[in-house]
Each structure stands twice: as C-alpha cells, then as structure tokens.
Amino acid sequence: MLSNHFQNGIETARLVWSRIPNSEESQLLDDAVGILKKNDGGGVESLDYEVIENFAYREEQAQRGKLYVSYLLVVKWFFALLIGICTGLAAVFINIAVENFAGWKFSVTFNIIQKSYIAGFVVYVLINLALVFSSVYIITQFAPAAAGSGIPEIKGYLNGVDIHGILLFRTLIGKIFGSIGSVGGGLALGKEGPLVHTGACIASLLGQGGSTKYHLNSRWFQVFKSDRDRRDLVTCGCAAGVAAAFRAPVGGVLFALEEVTSWWRSQLMWRVFFTSAVVAVVVRAAMGWCKSGKCGHFGSGGFIIWDISDGQEDYSFAELFPMAIIGVIGGLLGSLFNQLTLYITTWRRNHLHKKGNRVKIIEACLVSILTSAISFGLPLLRKCSPCPDSDPASGIECPRPPGMYGNYVNFFCSKDKEYNDLATIFFNTQDDAIRNLFSAKTINEYSSQSLLTFLVMFYALAVVTFGTAVPAGQFVPGIMIGSTYGRLVGMFVVKYYRKLNIEEGTYALLGAASFLGGSMRMTVSLCVIMVEISNNLKFLPLIMLVLLISKAVGDAFNEGIYEEQAQLRGIPLLESRPKYEMRNMTAKEACGSGRVVSFPRVVKVSDVVSILRSNKHNGFPVIDHTRSGEPLVIGLVLRSHLLVILQSKVDFQHSPLPSDPRGGGRSIRHDSGEFAKPVSSKGICIDDIHLSSDDLEMYIDLAPFLNPSPYIVPEDMSLTKVYNLFRQLGLRHLFVVPRPSRVLGLITRKDLLIEDKENVNTLELQSTSQNSASE
C-alpha cells in the first residue's frame, strides 16, 4: 500500500514537472509560470516586485511621517548587520565541523594504516559513508530543497521567480548540516555554493521574523513584508555567503551584482557592502579565537585563503602564450563539464530519482564508496619519491602525515624521508590539497603522471557527484580541476623556458580561474575573488586574461552552469538580453489571442470563486463603466488579494453597487500584513476557503484593493522593448492596450527634478517603504 501511494506521488511529480515551462517559452507572462502544485506543496510562482499603489498603500503612506522613514532606514541597516553576523557564524560553524570531521577521519585512518592498510581503508570508507549518509538522509527526509548548490534557485528568486521551499527554515537547517556531511565525507564538491544559499535563507527568515511553523518567530522582526524589500535582504544574504566562503568581501558584493541579481541600485550597494564587511570581521574574529586551539582540528585550512604572496613576482611577455593556452583549456573543459553534468542530471531526473528517496540514498552512498576507494587506492599504486633537500627558511617539512596542513604527505612509503605526491592532493582535505597545488618554492614536487591521473579521476568524480541529493558547490571542485592542469602547464613552462623566477603555483592559480570562468562564465566577481583568496594583486592582469579567454571559448559551446541548471529545473529566468527574434514580434503577438479574464468593479462572491477555481491566473484586470456605458479599465487586482478578501469575509456587502461611487476611498478593514504571502510557501489556496451559500450570494467592491496604475504598453510595441521594461522593473503583469486616441501631456527630465524638500521626502518615502502592502 505504501509503495502504491509512493508511486502515485511519483506520477504526480512527473506530471507537474512536465507542466513547468521552458525558460525560452512564455517568459513574459506570469500565467505561463502559474502556481504548479505538487504533493509537498512545491512549485513555481512569480514574485510581486511592483509597488501596488492601491488605497491601502496610499492610506498607510499618508499616515507616516519623516520619523518613520528614518526608522525604516535604520532597520534596514540593522538587518544588514544581523545578516552579516548570522551568516558569518553559520560559515564558522560549518567550517569548524567539516575540519574536525576531516581531521578526526585522517588522524584515525593514519594511525590504523601504521598497522594495516586494509583496516585503514575499511575505516576510511565507513567514516566517509556515515557522513555522506547523514547528509543525503537529511536532504531526502527533511529538506529536499536543500539539495544542490542553491545558486540557480536564488538567482531565479532575485529574477522574480519564487520556487516553493527554497528559503524555509528547514531548508536552512538541511543546508548547514547536509553540507557538513557531504564535504566532510570527502565527496568531490564544495561548501561555497551552499553557503550562498545559507546566507539567502538567513536573510529571508530574518526579514519575515523567523519561522512560524517551528514557533521561532518574533513580531519585532516582522517589518519587511513585501517581495521588493525581501529581495534586497536576500541580495545581502547572497553576498554575505560568498564573503564568508572565500573571505572575500569585495568579491561577495560583485558576485551578487554580476551573477545573481537582475535589479540593482546604489542604496542597495551600500548595504550589501556593509553586510560583506561584517562577515569578514566575524570570520576574522572566529579564526583568531580558534588559533588558541579551542576549535579542535580546525586551522587555517578551514576558510579558503591561499596566500601565495611569496610566489612568482614577475612574468615575461613570452609567458603570455602558455597562459592563454590555460584560458583555452579552461573554456573547453568548463563547457564540457557543463554539458556532461547536464546530460547526467537529465538522466538522473528521468530514470533514477523518480524511483524515490531510497534510490537517492543508495546512489549517494555508492558515489561515496567510489570516491573513497579512488582517493585511498590510487596513491597506493604510486611510487614514493625522496624528499628534497630541506630549507629551514622555507618552513616546509618533508614528510608530513595525511590530513595535516603542508606538502609532502607520507603514504605507503617504505622509507621515512619519502613522500607520495598523489596522496598529497588525493588523500587530503580539498582546501589543503589546493593550498599544496598553489604552493610556491615546490618545483618538481608533483610528477606529470600524478597530476594527469588526478585530473582525469577527479574530473570524472566531480561530474558524477554533481546532481546527487546532497548540498553541493562547484567552486572548490572547479579550483581543484583547474589548478591541476594549470600546474601541468607550469611544469612545461619551467622545463622549456628555463627561467629561475617561474613558479608552478602561479600557473595553478591561473588554471583554477580559467576553469571557473569556462564553467560559470563569471568575469569581474571571479577575478576579484581569485585575487582576494591568493593575496597577490600582481596576478590581476593575468587572471583577467585567462578569464576573458575561457569565457569566450565556453560561450561558443553552451551557457554557464547556473543557467543550464536553471533551465533543467524549469526556472523561467529572464536573461539580461532578449532573444534576437523578439525584434520582429509585437506585444500583441506575445500575449496571444485568448480571451482576457477580468472582473467588474463590484463582483459577486460566487463569480470570484468560480473564476479562481477555473484558472490559475495571478492577476486580473478590473473593468468599470463610464456614464455613457463605455468600458473602462480601472486597475489590476491580484489573486492573492482576492483570496485574503474571501477568507476574511469582512468586505462582503449585500448591495451590487459600489460602496464609494467616487473611486474606493473608504477605509479598509485589513491589516497590511494580511496581504503578504510568506516567502517560499504556497500561501492561501482557494480550496482552503470555506464559504456558505449566503456568502456566495454577496458582493465585493474591488476598487480599494486594486492597483490603479499598472504598467501599460501599446499593442504594437516591439517585444524587445517589452522584455527590457518587464525585466528591469521586476514586473509580474503588463497590460497590452490599443493605441491611445489622445495625449494628455509629456514628461521630460526637468519635470522629474523636484526641488521642493517636502516633495523629495515624499518620493524617498515611496521608494524605501514598500512593505505596507503585499505586492
């Protein structure tokens, strides 16, 4: 019986997935997105970033003064501070946990392999398996939305699409503890992408006052209730996540600007910058506190910063050619990585994951066993190399035990003064392995055979691991892959250029940047992040070179990994540029020839219920009539507002006449917070509302609740202009109307330059205080 119920759930999920539109189809229409229902209440719904200037909004704005505007500004900065502190503490907790689990794992394994390598292998596999099992179990049973990196979903949210469940409290918990298990378990993935999602969840939860489901909420924090203000908070959370992951506050700001946001303004820039600065201070303070040994195995490897300031200090013109080759390789391997992960993820979705959570758990466990076997077994096949002559000034010790910060790991070596170069990068934490690859003054530490073996195997593991039901970031695996082939090119340059000042670690850094650029297609933010984590500004021109080349090469084959994954998940992103064929299309052609569903100003309750049940539209034009009987569009009413009105019943009236013939100037018997839909939840459903037969015979005057000034375009406007207007303003609905018959006036730049101080304050009030009405 349970299996039949579960099979029905799978078929329902499959049907829902088939209804999710492609990102290239019907992007301008919210109705094409709709509300897609699943058994767990999941789905996709557009967000209301437009200010709904209905009577409730105007009435509340009129009651507010200058003091309240100042109060809102102070609260926004206070929330930015809280987001920075909480995200920094979450990152510290994740890193301390991951480093301690990894440290204990390597310490126990290393102690056991002194007696038996077979017993050490078994223990190593079991520890990794237990950690990965804990991660996938949390995801499948508690927080399904926490799987993956979360960046495509957050990018969709900031683009105007809410995927139900991505910003809930349980998603935050699943992301934190799932990341600890998956990264600590040694899988070929990172915790940086999940940290971005973690920061976004923290920001969203703070903005709505916590979680009501788990009774962790406070009315003191329930200040910002509109999608517009929550968008700003989530943007701060994204930047905070990157700043915490890489200790790169400026890179975090630029990442939010370049990669995830679709709408930006200078006031938001200041708050995002402040949030990232707070994160940097929190992380720095935590690392200083942990230096005293209070954090167990946690050390400098816990946060990504690979100081190579003592590396190569200059470069010659002849080195630009191999550096350009690194950019080409990064573009090719990055685009290939995107394509392979797309194929495998599609296959998983169509054939594997639809079989249920048990299959997801088994898959993740098998990937864990495979990864452990490769990382432990391959170094056993590698012959050890003698340690180089030690230089006391370099501070490099040879050999070092596995799991310890440093190069030259002794693994399955018959002599004390030998090290295993493959174990140095394979049988180690990813942070320490990257630090070893980036290290200077370590020429000839790795053989080309070991680097090539690691490149092929880790690349394959990263492709296979991507898409499993665990929190997974792609920054660190990309850096691992890129630094490996970068160091290979560096070995070639050292051998054939025969210059004393060339460092292989420099080419490893450039390789890492090239692969990330070829896969993620970021340029400015990634360039700054790489400079911040390497602590060497001299490499800035070189990093810019390889990023430009790798992005150009990758763009010739496919889109970035986040865009492809968003398409695969059915997230209808509006990209920065419209499609070329839109130039030859008009707004009328895009909206189709179907009948527009509308409401009269005074509508019968039964008619409202019937229309809401018969379609999934989220916005409806409201039609009134002039004295001469001609129809007149007076505004737009949202589905969410209608559901609140139906549920409360306080605005029902017996008369079919307008309650205020002058246009809806009566007082509204609703608190502004009632119209706000909780973040990442389905909100009120028409099936949840119960009305009696007497209720169905009553009427509602929609005038006080509608938006009297929606955005309007003429029917013959090119779809390219419509696209740009829709995306840049963050709209959900756009009216298409016939050509107007007359012009009332023209507004120019000088008409918008209002010098009156009182009017300026009024405009500031409208731009910063959108939280009173649900949009």
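Here the Cβ of each residue, glycine as well, is placed from N, Cα and C on the backbone.
Taken straight from TrEMBL:
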TRANSMEM  68-97  transmembrane segment
TRANSMEM  117-139  transmembrane segment
TRANSMEM  233-256  transmembrane segment
TRANSMEM  268-287  transmembrane segment
TRANSMEM  320-341  transmembrane segment
TRANSMEM  451-469  transmembrane segment
TRANSMEM  475-494  transmembrane segment
TRANSMEM  506-531  transmembrane segment
DOMAIN    706-763  domain 'CBS'
Recorded stretch, among 117-139, 233-256, 320-341, 506-531, maximising Cβ pairs under 8 Å relative to the transmembrane segment (268-287): 233-256
Tertiary contacts of the transmembrane segment (320-341), as residues 6+ beyond its ends and Cβ separation under 8 Å: 459, 462-463, 466-467, 478, 481-482, 485-486, 489, 492-493, 507, 510-511, 513-520, 542, 545-554, 556-561, 564-565
Whole-number mean of pLDDT values that fall within the domain 'CBS' (706-763): 84
Composition by DSSP (helix, strand, coil) of residues within the domain 'CBS' (706-763): 22 helix, 8 strand, 28 coil
